[in-house]
């Protein structure tokens, strides 16, 4: 640079350049004192008598520094090395060192090797091996520098040394050929001095050469360099601390942001979700007639990946990201000038995709570039904190129109994200939307062999056919699943500091974080279903009228639990969260009347809240109601059987009670993982009891009209007067008839054929085991993961050093040679293709909970248990039986309470049927 002698180069940039150096008289970037450079303007400190690119005193044409009297390529004092060095020199006696040759053509530029050598001054063997591998290429740093600074002729890039075949192999060092990336990075890293960007450490690192093969774009900073930012602040202060994201720097308008949250999911689950997101972006770019999308549509989409904890992430996921060019090892820092790093931010516009076979795909799959932002949080702070990084840091800066939320493991179809976005584009009043989540059934639906998977598939299907359409008609969907949903970013903004949808949403982070002990147990359980809270806050937002919509054409697959222990643990969180969140929304229904909703929707929402309240009451008494249904149906059958039959059914009732007690005992003290056999045994017993109950119902109906001729209208009317026919048959027909009818209307009847039996037999499991375990563990408000309170450590530390004109520079140790970057990439891809045998995960012992939480759990379970017990005791008492005998007129199956239950089921089914049909009508009219 002008104003500085050639031997004192001062180069600074916000980017990392392999030739970047900071040298002043008497000051070495690596510390220590270096003398004034003399003797033919050598670019390194020390006294030299030749044009050596390394420091030190040399008397020969040695390519390395140090005091040398022989032709050794290594540093140190050597007295005439024989072997490789001598043979090498003999064949190269008229050629200067590659560094010198490079220097001769770049007389005013410091050598790229200087910084590297200063860190490795007294090392011998590894440097030799490195040099041997570098004989046929020019310095990667020089090549990179020429392309980035235009300071030398293009021909300099192509200068190389041709290694002859008869050269002897150097055997001084036996390096392992299969080194890990971390090991390679540690051996090749050196210190660089980086100028801060707005006071922050930002590194633009060149990507490996292979990342730019088989792609459509090879030029441009966002394709040639991966950008790393060490974030040292809370996500709420991201903008205040002047951190800038690439789309903002490029002045791009962001229409759509897709966030994927993960914890320790494996590489297969990550690839499934990431590849689907990439295909969806490609589909958006294929919509060439769209006003919003088209060939350059990818510039309006940002895919954000937030990983919860550096020590928690699956290492093979990092290899996948590395293969895509998004991640590089060896550049992350623990702290910057003493400030601990809270998040490691990697930005890159990737054109590659890793498929399920771990093959790297590019332009052969007609992929569009994807702007990827990968945030690796230093600490594990749970999912809500990951969403706070997304909404309050990244989305707050880019201001997207629509935000799509995905969990790693969820696989949207190739057009799903477009259909979700289209719902917002078509109706400006839509504040949130969700699609259909399906259970992953595997090849040829083989997963349905597992009854747990089959029952969940039925459950998901009927929810998407009956419940979601009904709620969509009213404009309020009680839950937009965090695994696959979308929100209009503007609708989520707070109305005042600390008030509004996002403020309410993130209150749960404190309740599940370090201050969890100070949080109320009700709120802590409620925020296990934080997505339900967000939906309510969005619809009830003051002075605004947002509605939530179900988009049937947007479909996504997700993996469902396939073993009992995992399923029970998952439903514990779901049931407790949904119960308390539903109670919260019903208790605060009056907020709807102070929102900006139009009057007609306020009325509709009021009807929906009444419907939700009825469902909540039935859920509370589900345990007792199910037993009463079993009791009355078996009682009506006993009346027609002999003594042997009566004893059998009395034993069945006793068995029912014994299994319930067993479930309560296991739920109060044992983890599902430690009591799997007991739970499986209870599930089998309940399935047999359910089969018995269905047999009793069929037998009772058969007895009620076996002598009735149903061919005439009069006889049908007479049959309807019989309690058994009227209550049981109509209730069953309204339920299962609704299932069949609604499924056929939606043109999806297959789950009725493949999953109905499994679901029916497992109904007692849902009612008697899942609900008991959930209520017995309300004191446990964890997500199944344990947070980290300290830094993970093990990384470098960026230190401030003085710079020119008072500017601050950062001293950073990192991998920088292009050859090393390429070699690390090759190792990464090789490791990625090695099959990994899955190991069984062992969970830690259950952590201690606060006595207050346990006492709340005890009181809740006692209230629930006694209220259901009172219900059972009253309707099975002698007083009630005497009343029945006085009113039955000989009808052995007449029971007013059972009639109430059956007709309530019929009424709720009819309401769901109305919503299902009305949704289809609206969909045909408005799309």
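Backbone N, Cα and C define each Cβ position, glycine as well.
Keep in mind it's a predicted model, so treat the numbers as computed, not measured.
Residues or ranges marked as compositional bias 'Polar residues' by TrEMBL: 8-17 (among others).
The compositional bias 'Low complexity' annotation in TrEMBL covers 19-39 (among others).
According to TrEMBL, the feature compositional bias 'Polar residues' maps to 40-56 (among others).
Residues annotated as compositional bias 'Low complexity' in TrEMBL: 59-94 (among others).
Among the features that TrEMBL reports, compositional bias 'Polar residues' is placed at 104-127 (among others).
Annotation source TrEMBL lists domain 'Chitin synthase N-terminal' at 191-255.
Under the heading region 'Disordered', TrEMBL lists 1-141.
Summarising the annotation, TrEMBL assigns transmembrane segment to 613-633 (among others).
Per TrEMBL, transmembrane segment is recorded for 654-672 (among others).
Residues or ranges marked as transmembrane segment by TrEMBL: 678-702 (among others).
The annotation transmembrane segment is assigned in TrEMBL to 723-744 (among others).
For 756-776 (among others), the entry in TrEMBL reads transmembrane segment.
Sequence annotations record features per position, and here TrEMBL assigns transmembrane segment to 858-877 (among others). If you look at the transmembrane segment (858-877), the same-chain residues 6 or more away from its ends with a CB under 8 A from one of its CBs are 620-621, 623-625, 627-628, 631, 664, 668, 775-776, 778, 897.
Residues 465-467, 469-474, 550, 611, 614-615, 618, 625, 628-629, 632, 723, 727-728, 730-731, 734-735, 738, 741-742, 745-746, 875 of the same chain lie 6+ residues outside the transmembrane segment (897-921) yet bring a C-beta within less than 8 angstroms of a C-beta in it. The annotation transmembrane segment is assigned in TrEMBL to 897-921 (among others).
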DSSP helix/strand/coil residue counts for the domain 'Chitin synthase N-terminal' (191-255): 15 helix, 19 strand, 31 coil
Long-range Cβ neighbours of the transmembrane segment (756-776) (under 8 Å; 6 or more residues past either end): 451-452, 454-455, 458-459, 568, 571-572, 575-576, 579, 619, 622-623, 626, 659-660, 663-664, 666-668, 672, 679, 682-683, 686-687, 689-691, 694, 736, 739, 857, 860-861, 864
